[in-house]
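Chemist: Swiss-Prot lists these features:
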{"type": "ACT_SITE", "residues": "Asp329", "note": "active site, proton acceptor"}
{"type": "DISULFID", "residues": "Cys33-Cys50", "note": "disulfide bond"}
{"type": "DISULFID", "residues": "Cys35-Cys40", "note": "disulfide bond"}
{"type": "DISULFID", "residues": "Cys45-Cys68", "note": "disulfide bond"}
{"type": "DISULFID", "residues": "Cys76-Cys88", "note": "disulfide bond"}
{"type": "DISULFID", "residues": "Cys89-Cys94", "note": "disulfide bond"}
{"type": "CARBOHYD", "residues": "Asn32", "note": "N-linked glycosylation site"}
{"type": "CARBOHYD", "residues": "Asn97", "note": "N-linked glycosylation site"}
{"type": "TOPO_DOM", "residues": "23-119", "note": "topological domain 'Extracellular'"}
{"type": "TOPO_DOM", "residues": "141-502", "note": "topological domain 'Cytoplasmic'"}
{"type": "TRANSMEM", "residues": "120-140", "note": "transmembrane segment"}
Amino acid sequence: MTLGSFRRGLLMLSVAFGLTRGDLAKPSKLVNCTCESPHCKRPFCQGSWCTVVLVREQGRHPQVYRGCGSLNQELCLGRPTEFLNHHCCYRSFCNHNVSLMLEATQTPSEEPEVDAHLPLILGPVLALPVLVALGALGLWRVRRRQEKQRDLHSDLGESSLILKASEQADSMLGDFLDSDCTTGSGSGLPFLVQRTVARQVALVECVGKGRYGEVWRGSWHGESVAVKIFSSRDEQSWFRETEIYNTVLLRHDNILGFIASDMTSRNSSTQLWLITHYHEHGSLYDFLQRQTLEPQLALRLAVSAACGLAHLHVEIFGTQGKPAIAHRDLKSRNVLVKSNLQCCIADLGLAVMHSQSSDYLDIGNNPRVGTKRYMAPEVLDEHIRTDCFESYKWTDIWAFGLVLWEIARRTIINGIVEDYRPPFYDMVPNDPSFEDMKKVVCVDQQTPTIPNRLAADPVLSGLAQMMRECWYPNPSARLTALRIKKTLQKLSHNPEKPKVIH
């Protein structure tokens, strides 16, 4: 037994049993990495570093695997051999475009001989871990075989649905998303189809920019889609939003429709794309600056937004269920207006999930904070209970009350309407600091002034009362999203079709 072959055996064993995947240790600082291997459940993963492994098994072509590592960092220091090359890097997605090579095949005489007693010494030491690993591998293969059998039926269904969509000239995207061709969550396309769609999207025009990056209108087989391109500093938001859309049942008329998520290389840099339905009216913030509203349209916008928030907040049980979700960055810029003049909620990059069955609160790993202008008093004075999911829902309700106020200002009553203004426009600067908002909301206990003219309309007076109940200083006294939804639906009893007043 030679030293080279002994080292190869240990390295191959480590790779074969996934010891660099980071499943056994909690990394202190996480990076996002491309994940391409049989055990990848998503096209990305998180770990302490990114890995690329090039392996050549006897009689086969070399195989490339990409993933994450959180332990066994000594493998990163190994030199390449004719069978294995293992590369580690420490920036997000640094393993996306790395190419490796194997050493030229060596003759046995080139490898130094190892002490003949070494196998006798190491044999008993290695026997137990090897047996345990082999048992684990056997169990994994059995489960993998069962999963493949289950997936076979869904894959066949997906293929037929994709062909059907290709044959129909109108609304290919609709055929994809309205069918059962999903990841199983009902939230988007299968991962391989997501990647295919992303590579077929052509960017047409930039329709928005912000601290997160840019939003483009794209074209896919003649249909418009929205492409949100995240900046490198906001990659955790992309990761979180992709994670939620791919694991949670979020198909709802009043939640922005998800299509695909992918990493692409443009101009020698990695771009993070989130592809969603395109809504030409843009955000509610943009819509309210351009349009004034009749009372019925104002209620239509409010009811639909409340329906989306209620769907996020509720936990649905069963095989097609979903955990409860709190948005944490609700504002008029993160609410879109659809062509039917209903709202849908977007941007889940800060969302928090909670499951009652496991009592697990999934906060994510995003250092970004919400928008200061829409922060609830308990967030500003740092008294929020971060270990309690209800606390996050209560902050959403505070912010939703501010969105209702923005809608109410642009509603025409007796021929009177105000210009669009953001909440607290007359109390804080255009870009308020944390301290600015804390003084106004917590110290002075101010809330936006509700227009007196709302009292002249029996329906909108109910909307005004709802705002006040969203802004109670005591978070637990605020309305729930479900109560807001039901109350608004009662107020909106008039079936007259809404109109936009220019």
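Using the three backbone atoms N, Cα and C, a Cβ is placed for every residue, glycine included.
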Chemist: As a test of the contact definition, list every same-chain residue at least 6 positions from Asp329 (active site, proton acceptor) whose Cβ is closer than 8 Å to its Cβ.
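Modeler: Same-chain residues close to Asp329 (active site, proton acceptor) (Cβ under 8 Å, separated by 6 or more) are Asp347, Gly349, Leu350, Gly370, Thr371, Tyr374.
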Chemist: Show which residues of the chain containing Cys76 (disulfide bond), separated from it by at least 6 in sequence, have their CB under 8 Å from its CB.
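Modeler: For Cys76 (disulfide bond), the qualifying residues are Trp49, Thr51, Gly69, His86, His87, Cys88.
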Chemist: Once the chains shown are all counted, how many other Cβ atoms turn up within 10 Å of the Cβ of Cys88 (disulfide bond)?
Modeler: 19
Chemist: Determine, to the nearest whole angstrom, how far the Cα atom of Cys89 (disulfide bond) is from the Cα atom of Asn97 (N-linked glycosylation site).
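Modeler: Checking the Cα atoms of Cys89 (disulfide bond) and Asn97 (N-linked glycosylation site) gives a distance of 12 Å.
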Chemist: Cβ neighbours within 10 Å, counted over all protein chains: which one of the disulfide-bonded residues Cys35, Cys40, Cys50 has the most?
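Modeler: Sorting the candidates by Cβ neighbours within 10 Å, the top entry is Cys50.
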Chemist: Out of Asn32, Asn97, which of the glycosylation sites is least crowded by other Cβ atoms within 10 Å?
Modeler: Asn97
Chemist: When DSSP states are folded down to helix, strand and coil, where does Cys50 (disulfide bond) land?
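Modeler: Note: Cys50 (disulfide bond) is in a strand by DSSP.
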Chemist: According to DSSP, does Cys45 (disulfide bond) sit in a helix, a strand, or coil?
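Modeler: The residue in question, Cys45 (disulfide bond), is strand (DSSP, three-state).
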Chemist: How many Å lie between the Cα of Cys35 (disulfide bond) and the Cα of Cys94 (disulfide bond)?
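Modeler: So the Cα of Cys94 (disulfide bond) lies 11 Å away from that of Cys35 (disulfide bond).
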Chemist: In whole Å, how far does the CA atom of Cys45 (disulfide bond) lie from that of Cys33 (disulfide bond)?
Modeler: 5
Chemist: Output the one of Cys33, Cys94 that, of all these disulfide-bonded residues, has the highest number of other Cβ atoms within 10 Å of its Cβ.
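Modeler: Its Cβ has the most other Cβ atoms within 10 Å: Cys33.
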Chemist: Mean pLDDT across the topological domain 'Extracellular' (23-119), rounded to an integer, is what?
Modeler: 73
